[in-house]
Amino acid sequence: MNIDVATLLSQNDILLLFVVLALGLFIAKLRIGSFQLGSSIGVLITALFMGSLGYTFTADSLNIGFMLFIFCVGIEAGPNFFGIFLRDGKHYLLLVLVVLVSAVSLSFLTGHYFGLDYGLSTGMMAGALTATPVLVGAKDALNSGLAALPEGVDFSKVIDNLSVGYAFSYLIGLTSLILLARLLPKLQKQNLQDSAMQIAQERGIGSAGQRKVYLPIIRAYRVGQELIDWTDGKNLRELGIHRQTGCHIERIRRNGILANPDGDYILQQGDEIALVGYPDSHARLDSSFRNGKEVFDRNLLDLRIAEEEIVVKSDNIAGKRLSELNLSEYGCFLNRVVRAQIEMPIEHDIVLAKGDILQVSGEKSKVHYLADKIGFISIHSQVSDLLAFCSFFILGIMFGMITMSFGQVTFGLGNAVGLLISGITLGFLRANHPTFGYVPQGALNMTKNLGLLVFMVGIGLSAGGNINEYFSEDGLKVLAAAFIVSVIPVILAYLVGAYILNMNRALLIGAIIGARTCGPAMDVVNEHARSTIPALGYAGTYAIANILMTVAGTIMILLA
């Protein structure tokens, strides 16, 4: 049996799609030192190469890819989107605007100076900012008719040039951002690691190595005379056992009767107490605890330790600092804080926002009581609410179809903005109503990433046929423009953050990377700083930047 692979690929669009995806993802996993291409650029390069060999199919059939991607971006941003305009989020919003306004202005100017067309200028900006939403917003503006091209301009060539400009400039954008993140603090004779350590010391944040997470364990002790002398007749509230030991007294047996103590309890000799705490807290217990006989009793030790992810929902909690939660009063232990899928350093001054996820452990009833006070326990079901997902997707498309006329000019939102609005709404409602619109994070990530990669395959195959011609004519111009657009906005944002906002350099670098929505650079900077402190800044700008990048793509294609 003779199988002609070339013919098979040219005749089977679905097979071609997944072959390009598989090859691109394989290339994306290749690592040179600490440098990795990333899945989107790996798939795009593969698609351009396959397109140059003559493989193609109708890119319009792959519009579902970018529609799913932008809808999922909206869902992820929803819980934190509105909060970004409140509190200290205004600083982060300013940094995002500095990056975007300067990038759009420079892209417009360099595009005209180098004679780049609509597609190349906008694609170059998307790559220089390492921001796929720019590409998505521009393509949708063209497809929806929002951006009307002048007579004589080839629509298909503009679409092709979007992907070519993006592919040429992406590596410039990624490498320059990583280099600037390391170089700019050094020019001020500041060390990123020292800046991160300064914040950690000021705010009482442990390093990643110091915050190894364990489940609390239960041990029981019989109260002896030495412990009675130590308590000096004080009740549990006055003693503050947790403040001094890191453990909570969850249960007491007195005269054979088990009880859950309140703050008014006074320990008596012969009491048997069950302590809940991390292993290292038990190891550090005062000798007055350990000198009493340790008790191994099934009923006394029969406490159900639970670890749950609690989503912040309460209006009374959102906007408060972590220290104001007083978790010790609930007998609970905080293991992690996650915002916008980024693990945040556990710092007492961090301001909580709706949608934040607190990973909390402790006795089960107390964890659930805490969850009722501040929000709800994240659903662990793997079943998605597809009805809500599809309904809001439909609403997004309908929003995009709405048009308005001013005289002879007619324009509409387009699918990208419409789906962003509906996605943000679904994400916001999900953060406030736990049983509504639930989509497991893994499913959301897969849908978003697959949608993005399918979109990349479509534009890559479409543009690949003329890739050599584009590179020989405009390749060096695109690279030069990309360098300018990548570097100058970062420098401007750094100067604003350092000298106007007076931000800590570790937080500032993280915020700039978030404004560029560049996850790979964030990983490198965290490694360089030997801390997750920059993630605080990244989470502050990432959500709003993802949304405004899409709008910037639309604006750029309108200006070009």
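Backbone N, Cα and C atoms are what each Cβ position is placed from, and that goes for glycine too.
Among the features that Swiss-Prot reports, transmembrane segment is placed at 8-28 (among others), with the record citing sequence analysis. If one looks beyond the transmembrane segment (8-28) by at least 6 residues along the same chain, the residues whose Cβ comes under 8 Å of a Cβ in the stretch are 36-39, 41-47, 50, 54-55, 57, 61-62, 453-454, 456-457, 460-461.
The transmembrane segment annotation in Swiss-Prot covers 37-57 (among others) and is backed by sequence analysis. Within the chain carrying the transmembrane segment (37-57), a Cβ under 8 angstroms from the stretch's Cβ atoms is held by residues 9-10, 13, 16-17, 19-21, 23-30, 132, 163-164, 166-167, 170-171, 174, 449, 452-453, 456-465, 467-468, 520, all 6 or more beyond its ends.
Annotation comment: Swiss-Prot describes 66-86 (among others) as transmembrane segment, evidence class sequence analysis.
The feature transmembrane segment is assigned by Swiss-Prot to 94-114 (among others).
Residues annotated as transmembrane segment in Swiss-Prot, with sequence analysis given as evidence: 161-181 (among others).
The domain 'RCK C-terminal 1' annotation in Swiss-Prot covers 203-292 and is backed by sequence analysis.
Feature annotation from Swiss-Prot assigns domain 'RCK C-terminal 2' to 293-376.
Under the heading transmembrane segment, Swiss-Prot lists 386-406 (among others).
Feature annotation from Swiss-Prot assigns transmembrane segment to 409-429 (among others); the stated evidence is sequence analysis.
The transmembrane segment annotation in Swiss-Prot covers 451-471 (among others).
Sequence-remote contacts of a segment are chain residues at least 6 beyond its ends whose Cβ falls under 8 Å from one of its Cβ atoms, and for the transmembrane segment (478-498) they are 91, 94-95, 98-100, 102-103, 106-107, 110-111, 114, 116, 120-121, 124-125, 127-129, 164-165, 168-169, 172-173, 176-177, 180, 184, 188, 505, 508-509, 511-512, 515-516. Annotation source Swiss-Prot lists transmembrane segment at 478-498 (among others), citing sequence analysis.
If you look up Swiss-Prot, you'll see 539-559 (among others) marked as transmembrane segment. Beyond its flanks by at least six residues, the transmembrane segment (539-559) meets 70, 73-74, 76-77, 80-81, 84, 88-89, 91-93, 95-97, 99-100, 103-104, 107-108, 118, 121-122, 125-126, 129, 131, 133-142, 146-147, 339-340, 342, 344, 414, 416-417, 420, 424, 510-512, 514-517 of its own chain at Cβ-Cβ distances under 8 Å.
With helix defined as DSSP H, G or I and strand as E or B, the domain 'RCK C-terminal 2' (293-376) counts 23 helix, 32 strand, 29 coil. Sequence-distant contacts of the transmembrane segment (94-114), counting only residues of its own chain at least 6 positions beyond either end whose CB sits under 8 Å from a CB of the stretch, comprise 120-122, 124-125, 128-129, 474, 477-478, 480-481, 484-485, 488-490, 492-493, 496-497, 501, 511-512, 515-516, 541, 544-545, 548-549, 552, 555-556, 559-560. Across the domain 'RCK C-terminal 2' (293-376), the model assigns an average pLDDT of 81.
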